[in-house]
(Lines of atoms letter the chains of each structure in order from A and count residues from 1; the text may use other names and numbers.)
(Lines give C-alpha, C1' and ligand atoms only; values in the text may rest on other atoms or scores of the structure.)
Protein backbone atom coordinates (compact mmCIF):
# COMPACT_ATOMS: atom_id res chain seq x y z
CA UNK A 1 0.00 0.00 0.00
CA UNK A 2 1.18 3.54 -0.69
CA UNK A 3 2.30 5.77 2.14
CA UNK A 4 -0.24 8.44 3.03
CA UNK A 5 -0.07 11.55 0.89
CA UNK A 6 -0.74 14.98 2.30
CA UNK A 7 -1.82 17.49 -0.29
CA UNK A 8 -2.04 21.20 0.40
CA UNK A 9 -3.54 23.95 -1.68
CA UNK A 10 -0.60 26.36 -1.31
CA UNK A 11 3.00 26.28 -0.19
CA UNK A 12 2.14 28.22 2.97
CA UNK A 13 3.04 26.08 5.99
CA UNK A 14 -0.04 27.17 7.88
CA UNK A 15 -2.38 26.02 5.13
CA UNK A 16 -4.69 23.15 6.09
CA UNK A 17 -3.25 19.66 5.69
CA UNK A 18 -5.50 16.82 4.54
CA UNK A 19 -4.25 13.30 5.27
CA UNK A 20 -5.95 10.13 3.99
CA UNK A 21 -4.45 6.82 5.05
CA UNK A 22 -4.17 4.45 3.30
CA UNK A 23 -4.41 6.41 0.10
CA UNK A 24 -4.62 3.15 -1.82
CA UNK A 25 -6.56 0.26 -0.29
CA UNK A 26 -9.20 -2.40 -0.77
CA UNK A 27 -12.81 -1.21 -1.00
CA UNK A 28 -13.68 -2.91 2.29
CA UNK A 29 -10.74 -1.32 4.12
CA UNK A 30 -11.40 1.68 6.32
CA UNK A 31 -9.40 4.83 5.76
CA UNK A 32 -8.35 7.46 8.28
CA UNK A 33 -9.01 11.08 7.32
CA UNK A 34 -7.45 13.88 9.36
CA UNK A 35 -7.41 17.61 8.67
CA UNK A 36 -4.88 19.73 10.58
CA UNK A 37 -3.75 23.36 10.55
CA UNK A 38 -7.29 24.69 10.58
CA UNK A 39 -8.31 27.55 12.85
CA UNK A 40 -9.76 26.46 16.21
CA UNK A 41 -13.52 25.82 15.95
CA UNK A 42 -13.46 26.39 12.18
CA UNK A 43 -16.47 25.20 10.20
CA UNK A 44 -15.42 23.05 7.23
CA UNK A 45 -17.04 20.70 4.73
CA UNK A 46 -15.34 17.43 3.82
CA UNK A 47 -16.38 16.39 0.29
CA UNK A 48 -15.85 13.26 -1.80
CA UNK A 49 -16.27 13.12 -5.58
CA UNK A 50 -16.16 10.10 -7.88
CA UNK A 51 -16.71 9.82 -11.62
CA UNK A 52 -18.18 6.43 -12.50
CA UNK A 53 -17.24 4.36 -15.53
CA UNK A 54 -20.53 5.58 -17.02
CA UNK A 55 -19.16 9.16 -16.66
CA UNK A 56 -21.69 10.13 -14.00
CA UNK A 57 -20.45 12.13 -11.00
CA UNK A 58 -21.22 10.98 -7.45
CA UNK A 59 -20.62 13.02 -4.31
CA UNK A 60 -20.93 12.89 -0.53
CA UNK A 61 -20.12 15.47 2.11
CA UNK A 62 -20.08 16.06 5.86
CA UNK A 63 -20.06 19.23 7.94
CA UNK A 64 -17.43 19.42 10.68
CA UNK A 65 -16.09 21.88 13.25
CA UNK A 66 -12.40 21.67 14.13
CA UNK A 67 -11.29 21.24 17.75
CA UNK A 68 -9.33 23.73 19.81
CA UNK A 69 -6.14 22.63 18.02
CA UNK A 70 -7.62 23.22 14.56
CA UNK A 71 -7.96 19.49 13.83
CA UNK A 72 -10.75 17.32 12.43
CA UNK A 73 -10.42 13.53 12.87
CA UNK A 74 -13.21 11.88 10.90
CA UNK A 75 -13.05 8.59 12.83
CA UNK A 76 -13.74 10.45 16.11
CA UNK A 77 -15.58 13.66 15.21
CA UNK A 78 -19.23 14.08 14.31
CA UNK A 79 -20.57 15.28 11.01
CA UNK A 80 -23.23 17.85 11.88
CA UNK A 81 -24.95 17.66 8.48
CA UNK A 82 -24.53 16.71 4.84
CA UNK A 83 -25.20 13.35 3.20
CA UNK A 84 -24.41 11.65 6.52
CA UNK A 85 -24.46 12.68 10.16
CA UNK A 86 -22.74 11.49 13.30
CA UNK A 87 -19.36 9.81 13.79
CA UNK A 88 -19.06 7.92 10.52
CA UNK A 89 -15.54 7.05 9.43
CA UNK A 90 -16.64 5.85 5.98
CA UNK A 91 -19.62 8.15 5.39
CA UNK A 92 -17.85 9.81 2.48
CA UNK A 93 -18.21 6.53 0.58
CA UNK A 94 -21.44 4.87 1.70
CA UNK A 95 -23.47 8.07 1.37
CA UNK A 96 -22.28 8.83 -2.18
CA UNK A 97 -25.13 9.96 -4.43
CA UNK A 98 -25.40 11.37 -7.96
CA UNK A 99 -24.64 15.09 -8.13
CA UNK A 100 -27.65 17.38 -8.69
CA UNK A 101 -28.81 17.33 -12.30
CA UNK A 102 -27.66 13.74 -12.95
CA UNK A 103 -29.64 11.09 -14.79
CA UNK A 104 -32.29 9.47 -12.61
CA UNK A 105 -32.28 6.10 -10.76
CA UNK A 106 -28.56 5.44 -11.20
CA UNK A 107 -26.60 2.61 -9.62
CA UNK A 108 -22.85 2.72 -9.05
CA UNK A 109 -21.11 -0.55 -9.97
CA UNK A 110 -17.50 -1.29 -10.91
CA UNK A 111 -17.22 -3.00 -14.28
CA UNK A 112 -13.46 -3.06 -14.80
CA UNK A 113 -11.91 -4.44 -11.60
CA UNK A 114 -8.41 -4.08 -13.07
CA UNK A 115 -8.64 -0.37 -12.33
CA UNK A 116 -9.41 1.31 -9.01
CA UNK A 117 -12.38 3.38 -7.93
CA UNK A 118 -10.80 6.84 -7.78
CA UNK A 119 -12.24 9.20 -5.17
CA UNK A 120 -11.24 12.84 -4.80
CA UNK A 121 -11.48 14.08 -1.22
CA UNK A 122 -11.46 17.83 -0.55
CA UNK A 123 -11.90 20.31 2.29
CA UNK A 124 -13.91 23.51 1.90
CA UNK A 125 -14.29 26.44 4.28
CA UNK A 126 -17.74 26.72 5.84
CA UNK A 127 -20.67 24.33 5.78
CA UNK A 128 -21.57 23.87 2.11
CA UNK A 129 -24.27 21.71 0.56
CA UNK A 130 -23.93 22.69 -3.09
CA UNK A 131 -21.77 24.55 -5.59
CA UNK A 132 -18.62 22.59 -4.77
CA UNK A 133 -17.23 22.78 -8.31
CA UNK A 134 -17.42 26.60 -8.18
CA UNK A 135 -15.81 26.97 -4.76
CA UNK A 136 -12.07 27.05 -4.04
CA UNK A 137 -10.73 24.23 -1.86
CA UNK A 138 -8.59 24.49 1.23
CA UNK A 139 -6.92 21.14 0.50
CA UNK A 140 -7.52 18.11 -1.69
CA UNK A 141 -6.16 14.62 -2.32
CA UNK A 142 -6.93 11.54 -4.43
CA UNK A 143 -7.59 8.05 -3.09
CA UNK A 144 -7.79 4.69 -4.83
CA UNK A 145 -10.19 1.94 -3.77
CA UNK A 146 -9.47 -1.51 -5.23
CA UNK A 147 -11.45 -4.75 -5.47
CA UNK A 148 -8.30 -6.63 -6.49
CA UNK A 149 -5.41 -6.86 -4.07
CA UNK A 150 -1.88 -6.88 -5.53
CA UNK A 151 -1.10 -10.31 -6.97
CA UNK A 152 -4.71 -11.44 -7.52
CA UNK A 153 -5.11 -13.09 -10.94
CA UNK A 154 -8.12 -12.62 -13.22
CA UNK A 155 -8.86 -15.57 -15.54
CA UNK A 156 -11.54 -15.65 -18.26
CA UNK A 157 -13.55 -18.88 -18.19
CA UNK A 158 -15.09 -20.06 -21.47
CA UNK A 159 -15.35 -23.82 -21.10
CA UNK A 160 -18.07 -26.38 -21.84
CA UNK A 161 -20.43 -23.55 -22.67
CA UNK A 162 -19.86 -21.96 -19.25
CA UNK A 163 -19.08 -18.24 -19.06
CA UNK A 164 -17.44 -16.67 -16.05
CA UNK A 165 -14.38 -15.03 -14.54
CA UNK A 166 -12.15 -16.74 -12.01
CA UNK A 167 -10.15 -14.70 -9.49
CA UNK A 168 -7.20 -16.42 -7.84
CA UNK A 169 -5.40 -15.19 -4.71
CA UNK A 170 -1.64 -14.63 -4.92
CA UNK A 171 0.68 -17.56 -4.36
CA UNK A 172 0.67 -21.23 -5.29
CA UNK A 173 -2.50 -22.25 -3.43
CA UNK A 174 -4.50 -24.37 -3.46
CA UNK A 175 -7.30 -22.23 -2.07
CA UNK A 176 -10.93 -22.84 -1.12
CA UNK A 177 -13.31 -22.18 -4.01
CA UNK A 178 -16.44 -19.99 -4.05
CA UNK A 179 -18.96 -20.04 -6.92
CA UNK A 180 -20.42 -16.52 -6.97
CA UNK A 181 -23.90 -15.95 -8.41
CA UNK A 182 -25.60 -12.57 -8.80
CA UNK A 183 -29.30 -12.07 -9.47
CA UNK A 184 -31.82 -11.50 -12.22
CA UNK A 185 -30.12 -8.39 -13.58
CA UNK A 186 -27.89 -10.68 -15.62
CA UNK A 187 -24.47 -10.08 -17.11
CA UNK A 188 -21.07 -10.93 -15.70
CA UNK A 189 -20.55 -9.13 -12.39
CA UNK A 190 -16.99 -9.51 -11.16
CA UNK A 191 -16.29 -7.14 -8.30
CA UNK A 192 -17.46 -9.33 -5.39
CA UNK A 193 -15.40 -12.28 -6.63
CA UNK A 194 -12.35 -10.05 -7.03
CA UNK A 195 -12.73 -8.94 -3.43
CA UNK A 196 -13.18 -12.52 -2.20
CA UNK A 197 -9.92 -13.46 -3.94
CA UNK A 198 -8.29 -10.52 -2.19
CA UNK A 199 -9.26 -12.28 1.05
CA UNK A 200 -7.86 -15.69 0.10
CA UNK A 201 -10.69 -17.44 -1.77
CA UNK A 202 -10.57 -18.63 -5.37
CA UNK A 203 -13.85 -17.14 -6.52
CA UNK A 204 -15.59 -17.56 -9.84
CA UNK A 205 -18.18 -15.00 -10.91
CA UNK A 206 -20.66 -16.92 -13.05
CA UNK A 207 -22.61 -15.44 -15.93
CA UNK A 208 -25.91 -17.24 -16.43
CA UNK A 209 -28.27 -14.53 -17.72
CA UNK A 210 -26.94 -12.89 -20.86
CA UNK A 211 -29.46 -12.44 -23.69
CA UNK A 212 -26.76 -11.94 -26.33
CA UNK A 213 -24.68 -14.95 -25.31
CA UNK A 214 -26.84 -17.48 -23.47
CA UNK A 215 -30.38 -18.59 -24.29
CA UNK A 216 -32.37 -19.14 -21.07
CA UNK A 217 -33.70 -22.37 -22.59
CA UNK A 218 -30.10 -23.67 -22.67
CA UNK A 219 -29.24 -22.76 -19.06
CA UNK A 220 -30.37 -25.46 -16.65
CA UNK A 221 -29.07 -27.47 -13.72
CA UNK A 222 -26.25 -28.95 -15.81
CA UNK A 223 -24.91 -25.45 -16.56
CA UNK A 224 -24.40 -24.74 -12.85
CA UNK A 225 -23.01 -28.21 -12.22
CA UNK A 226 -20.49 -27.74 -15.05
CA UNK A 227 -19.47 -24.37 -13.62
CA UNK A 228 -19.01 -25.88 -10.16
CA UNK A 229 -16.83 -28.66 -11.58
CA UNK A 230 -14.71 -26.23 -13.60
CA UNK A 231 -13.94 -24.32 -10.41
CA UNK A 232 -13.50 -27.47 -8.34
CA UNK A 233 -11.06 -29.03 -10.82
CA UNK A 234 -8.82 -25.99 -11.15
CA UNK A 235 -5.30 -26.86 -9.92
CA UNK A 236 -5.29 -23.92 -7.50
CA UNK A 237 -8.60 -24.89 -5.90
CA UNK A 238 -9.11 -27.38 -3.05
CA UNK A 239 -11.66 -29.88 -4.29
CA UNK A 240 -13.07 -30.59 -0.83
CA UNK A 241 -13.31 -26.92 0.26
CA UNK A 242 -16.06 -25.43 -1.90
CA UNK A 243 -18.84 -22.92 -1.25
CA UNK A 244 -21.62 -21.14 -3.10
CA UNK A 245 -22.60 -17.49 -2.68
CA UNK A 246 -25.85 -16.21 -4.18
CA UNK A 247 -27.72 -12.91 -4.15
CA UNK A 248 -31.43 -12.66 -4.98
CA UNK A 249 -32.19 -15.12 -7.82
CA UNK A 250 -28.65 -16.45 -7.36
CA UNK A 251 -29.82 -17.61 -3.92
CA UNK A 252 -32.64 -19.66 -5.47
CA UNK A 253 -30.02 -21.40 -7.63
CA UNK A 254 -27.78 -21.94 -4.60
CA UNK A 255 -30.59 -23.44 -2.49
CA UNK A 256 -31.67 -25.68 -5.37
CA UNK A 257 -28.19 -27.00 -6.05
CA UNK A 258 -27.40 -27.58 -2.37
CA UNK A 259 -30.70 -29.47 -1.89
CA UNK A 260 -30.91 -31.59 -5.04
CA UNK A 261 -27.67 -31.80 -7.00
CA UNK A 262 -25.62 -35.00 -6.87
CA UNK A 263 -22.59 -33.12 -8.22
CA UNK A 264 -22.66 -29.86 -6.26
CA UNK A 265 -21.79 -30.72 -2.66
CA UNK A 266 -20.57 -27.49 -1.04
CA UNK A 267 -19.08 -27.26 2.45
CA UNK A 268 -21.21 -24.16 3.07
CA UNK A 269 -23.48 -21.63 1.35
CA UNK A 270 -24.27 -17.95 1.82
CA UNK A 271 -27.54 -16.58 0.42
CA UNK A 272 -28.26 -12.84 0.38
CA UNK A 273 -31.81 -11.52 -0.06
CA UNK A 274 -33.07 -14.79 -1.48
CA UNK A 275 -35.93 -17.25 -1.26
CA UNK A 276 -36.60 -20.97 -1.50
CA UNK A 277 -39.96 -20.36 -3.19
CA UNK A 278 -38.57 -20.52 -6.74
CA UNK A 279 -37.08 -23.99 -7.37
CA UNK A 280 -34.46 -23.99 -10.14
CA UNK A 281 -34.97 -27.56 -11.30
CA UNK A 282 -35.47 -26.96 -15.03
CA UNK A 283 -34.26 -24.50 -17.67
CA UNK A 284 -34.23 -20.81 -16.72
CA UNK A 285 -36.73 -20.19 -19.51
CA UNK A 286 -39.19 -22.54 -17.81
CA UNK A 287 -38.45 -21.09 -14.36
CA UNK A 288 -39.15 -17.56 -15.60
CA UNK A 289 -42.37 -18.70 -17.26
CA UNK A 290 -43.49 -19.96 -13.83
CA UNK A 291 -42.51 -16.66 -12.20
CA UNK A 292 -44.46 -14.67 -14.81
CA UNK A 293 -47.67 -16.33 -13.61
CA UNK A 294 -47.43 -14.18 -10.48
CA UNK A 295 -46.93 -10.86 -12.26
CA UNK A 296 -50.37 -9.75 -11.07
CA UNK A 297 -48.89 -9.53 -7.56
CA UNK A 298 -46.34 -6.90 -8.62
CA UNK A 299 -47.18 -3.38 -7.47
CA UNK A 300 -46.09 0.07 -8.60
CA UNK A 301 -45.85 2.89 -6.04
CA UNK A 302 -46.62 6.60 -6.46
CA UNK A 303 -43.09 7.19 -7.80
CA UNK A 304 -43.64 4.55 -10.50
CA UNK A 305 -41.16 2.24 -8.79
CA UNK A 306 -41.82 -1.49 -9.16
CA UNK A 307 -42.29 -3.50 -5.95
CA UNK A 308 -41.82 -7.22 -6.58
CA UNK A 309 -41.83 -8.67 -3.06
CA UNK A 310 -45.50 -9.69 -3.26
CA UNK A 311 -44.82 -12.14 -6.10
CA UNK A 312 -44.00 -14.95 -3.70
CA UNK A 313 -46.46 -13.99 -0.95
CA UNK A 314 -48.03 -15.58 0.86
CA UNK A 315 -45.25 -18.17 1.15
CA UNK A 316 -46.81 -21.35 -0.30
CA UNK A 317 -47.73 -24.14 2.08
CA UNK A 318 -47.50 -26.70 -0.74
CA UNK A 319 -44.03 -28.32 -0.50
CA UNK A 320 -44.00 -28.88 -4.27
CA UNK A 321 -43.79 -25.09 -4.81
CA UNK A 322 -40.67 -24.71 -2.67
CA UNK A 323 -37.12 -26.00 -2.55
CA UNK A 324 -36.90 -28.75 0.05
CA UNK A 325 -34.31 -27.06 2.26
CA UNK A 326 -34.68 -29.94 4.69
CA UNK A 327 -32.41 -31.86 2.28
CA UNK A 328 -29.51 -29.41 2.64
CA UNK A 329 -26.57 -31.01 4.45
CA UNK A 330 -24.13 -28.09 4.74
CA UNK A 331 -24.09 -24.93 6.89
CA UNK A 332 -26.12 -22.10 5.33
CA UNK A 333 -26.01 -18.40 6.19
CA UNK A 334 -28.94 -16.16 5.20
CA UNK A 335 -28.40 -12.40 4.98
CA UNK A 336 -31.61 -10.36 4.71
CA UNK A 337 -32.78 -6.77 4.91
CA UNK A 338 -35.90 -5.99 6.93
CA UNK A 339 -37.00 -3.42 4.31
CA UNK A 340 -36.39 -5.61 1.25
CA UNK A 341 -39.01 -4.38 -1.24
CA UNK A 342 -37.85 -6.62 -4.08
CA UNK A 343 -38.24 -10.10 -2.62
CA UNK A 344 -39.94 -11.53 0.47
CA UNK A 345 -36.60 -12.67 1.88
CA UNK A 346 -37.47 -12.26 5.59
CA UNK A 347 -40.71 -14.26 5.28
CA UNK A 348 -38.81 -16.87 3.26
CA UNK A 349 -36.17 -17.18 5.97
CA UNK A 350 -38.86 -17.74 8.61
CA UNK A 351 -40.44 -20.49 6.51
CA UNK A 352 -37.04 -22.08 5.86
CA UNK A 353 -36.38 -22.14 9.59
CA UNK A 354 -39.64 -24.01 10.17
CA UNK A 355 -38.94 -26.46 7.34
CA UNK A 356 -35.42 -27.17 8.58
CA UNK A 357 -36.59 -27.51 12.19
CA UNK A 358 -39.07 -30.14 11.03
CA UNK A 359 -36.44 -31.92 8.93
CA UNK A 360 -33.85 -31.92 11.72
CA UNK A 361 -31.24 -29.70 10.03
CA UNK A 362 -32.11 -26.35 11.64
CA UNK A 363 -28.70 -26.43 13.39
CA UNK A 364 -27.08 -25.80 9.98
CA UNK A 365 -28.89 -22.47 9.53
CA UNK A 366 -27.61 -19.01 10.51
CA UNK A 367 -29.96 -16.10 9.84
CA UNK A 368 -28.85 -12.46 9.82
CA UNK A 369 -31.69 -9.94 9.51
CA UNK A 370 -30.91 -6.23 9.36
CA UNK A 371 -33.76 -3.81 10.16
CA UNK A 372 -34.22 -1.02 7.59
CA UNK A 373 -31.74 -2.56 5.15
CA UNK A 374 -32.85 -3.16 1.57
CA UNK A 375 -32.40 -5.89 -1.03
CA UNK A 376 -28.99 -4.99 -2.48
CA UNK A 377 -26.69 -5.95 0.38
CA UNK A 378 -23.24 -5.56 -1.17
CA UNK A 379 -19.62 -5.30 0.02
CA UNK A 380 -18.93 -2.59 2.61
CA UNK A 381 -19.15 1.12 1.79
CA UNK A 382 -21.00 0.50 -1.48
CA UNK A 383 -23.48 3.41 -1.76
CA UNK A 384 -27.08 2.62 -0.90
CA UNK A 385 -29.55 2.56 -3.80
CA UNK A 386 -33.20 2.57 -2.77
CA UNK A 387 -34.47 2.43 -6.37
CA UNK A 388 -32.56 2.07 -9.64
CA UNK A 389 -33.03 1.42 -13.33
CA UNK A 390 -33.39 -2.28 -14.08
CA UNK A 391 -33.85 -4.43 -17.16
CA UNK A 392 -36.28 -7.31 -16.73
CA UNK A 393 -34.19 -9.86 -18.63
CA UNK A 394 -37.06 -12.24 -19.32
CA UNK A 395 -39.23 -9.43 -20.73
CA UNK A 396 -36.58 -7.08 -22.17
CA UNK A 397 -38.33 -4.25 -20.35
CA UNK A 398 -36.69 -1.29 -18.58
CA UNK A 399 -38.22 -0.29 -15.25
CA UNK A 400 -37.23 1.43 -12.00
CA UNK A 401 -37.00 -1.26 -9.32
CA UNK A 402 -37.58 -0.45 -5.66
CA UNK A 403 -34.94 -2.25 -3.59
CA UNK A 404 -35.77 -0.66 -0.23
CA UNK A 405 -33.63 0.27 2.73
CA UNK A 406 -32.56 3.45 4.50
CA UNK A 407 -29.03 4.70 3.85
CA UNK A 408 -27.39 4.51 7.28
CA UNK A 409 -28.82 1.15 8.47
CA UNK A 410 -28.20 -0.30 5.01
CA UNK A 411 -24.56 0.79 5.22
CA UNK A 412 -24.30 -0.88 8.64
CA UNK A 413 -25.81 -4.09 7.22
CA UNK A 414 -23.27 -4.19 4.40
CA UNK A 415 -20.29 -3.70 6.71
CA UNK A 416 -21.46 -6.12 9.40
CA UNK A 417 -22.66 -8.87 7.05
CA UNK A 418 -19.47 -8.83 4.95
CA UNK A 419 -17.37 -9.35 8.06
CA UNK A 420 -19.61 -12.24 9.11
CA UNK A 421 -19.65 -13.75 5.58
CA UNK A 422 -15.85 -13.79 5.45
CA UNK A 423 -15.70 -15.31 8.95
CA UNK A 424 -18.28 -17.95 7.94
CA UNK A 425 -16.25 -18.91 4.86
CA UNK A 426 -13.03 -19.04 6.90
CA UNK A 427 -14.70 -21.22 9.53
CA UNK A 428 -16.03 -23.79 7.08
CA UNK A 429 -13.45 -23.65 4.27
CA UNK A 430 -10.12 -22.94 5.93
CA UNK A 431 -10.45 -24.82 9.23
CA UNK A 432 -6.85 -25.72 10.12
CA UNK A 433 -5.42 -24.26 6.92
CA UNK A 434 -3.14 -21.26 7.06
CA UNK A 435 -5.02 -18.12 6.05
CA UNK A 436 -3.76 -16.30 3.02
CA UNK A 437 -1.48 -13.41 3.80
CA UNK A 438 -2.02 -10.61 1.33
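Note: Cβ is positioned from N, Cα and C throughout, glycine not excepted.
Features as listed in TrEMBL:
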- 248: active site, charge relay system (ACT_SITE)
- 340: active site, charge relay system (ACT_SITE)
- 375: active site, charge relay system (ACT_SITE)
- 219-430: domain 'BAAT/Acyl-CoA thioester hydrolase C-terminal' (DOMAIN)
For residue 248 (active site, charge relay system), the number of other Cβ atoms found within 10 Å of its own Cβ: 25
C-alpha spacing of residue 375 (active site, charge relay system) relative to residue 248 (active site, charge relay system), in angstrom: 8
Residue pair residue 375 (active site, charge relay system), residue 340 (active site, charge relay system) - Cα distance, angstrom, rounded: 5
Residue 375 (active site, charge relay system): tally of other CB atoms within 10 A of its CB: 28
Residue 340 (active site, charge relay system) CB neighbourhood, other CB atoms within 10 A: 28
